[in-house]
Every structure is written in C-alpha cells, then in structure tokens.
C-alpha cells in the first residue's frame, strides 16, 4: 500500500509536466462542448519540425536534379552524339535522384511532416551560366557538372544533419541523423568518388589530341559496361 501511495504521489507531481502533450489534449477534447485541436497528437518528435523547410527543399532539389540529369542523358543519347555510356550514366543518376526524392517525402510523412512542392532554396553548387543551355555539354564538362551537382546535394545533407545534431542545442534527432547517413551521406560519398575518378581518367586519356576522339569513344564503351 505504501508503494502504491508513493506511486500515485509521483504521478500527481509529474502530471503538470505533461500538460502540453497528446493525452492532456485528448482529455480536454472529450470533455469540451466545442471541438478542440489535437496539435500534439502527431508523429512529430525530436527535431524533425525544426528542419521541415530544409527537408521539403531537399526533396524538391532531388526532383530538380533528376530532370537535369535526364536532360543530360537525352543529350548524349541522340544519334548525333551517340554516347550511350554517358547517357546510361546520367539516366542512372536521374533515376536515383527521383527515387531518393520519393523516399525522402515518405520518410518526412512518417515523422509527421508534410510536403510542399513550392518550397525552394537556392540549389547548392548551382552555376549561373550565360549560355542558354547548361546541359548540352561535351563529355568532360558533363562529368564536371554532375560532380558539382552531387557535391551540392551532399553539402545540403550535411547541413540538415548538422541542424539536428550539433547546431541546435535544444533539439536533437538521432533517427533523422541515422536516416540521412544511411540513405544519403554514404551513397553520395561513393558517387562523388566515382565521378571524380571518371573526370581524372578521361582527362588523362584525351591529353594527346591525336587520339582524343578514340579515347572518348573507348571511355564511353567502358561506361556502358559498368
């Protein structure tokens, strides 16, 4: 009996601390004559609400990058360019960006967030080009463009990760940090390494002008096989 009495006392003291939570709102709503909003009865917790704008912008950035990669793939897939290897590379990057945008939207909804397709930030790594078309590039330039895009996406992921782990002292979200690392950060490191390797390999192959055309052709054949 003493234990039960002590437990009741502890719960009574703890009750005010939970005044803003779902249970309290539900009790108030059930006893109220007018409708009461259950603002705390959501799947949000941790720091996901702090980075809603960033998460929405990041998903939209992946959609934008997916279409940009698709334009690059189409450019190299024409009969004039006839670079099926480069077309395959950028089509794969386009598909990956599209899939990641969908995955990010689903995960944000799982954590109680919402999606606003009008949310936009300046894309990290975006270049202001004087040319009318930034995607009709030669082989080496296109690889450099893809590398800038992937580095920009990686930097944006690092920014969100920092917001929920280091920069906000009052907010921490271990689940969101783990999700970003598993689904974005590690894969992006591999993609950036591959693109950087492609750039340096192709650059060394075309240094001799007399064999540059053949070198690009053989490199495209290599890209078709990986």
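Each residue, glycine too, has its Cβ placed from N, Cα and C.
Curation does not apply to TrEMBL; its annotations are automatic.
Annotated Fe cation binding site per TrEMBL: 150, 188, in sequence order. Look at residue 150 (Fe cation binding site): DSSP puts it in a helix. In sequence order, 93, 188, 191, 192, 195 are the residues near residue 150 (Fe cation binding site), counting only same-chain partners six or more apart with C-beta under 8 A.
Model confidence over the domain 'Ferritin-like diiron' (45-206) is summarised by a mean pLDDT of 88. The domain 'Ferritin-like diiron' annotation in TrEMBL covers 45-206.
The signal peptide annotation in TrEMBL covers 1-19.
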For this session: For residue 188 (Fe cation binding site), just count the other CB atoms lying within 10 A of its CB, please.
Result: 19
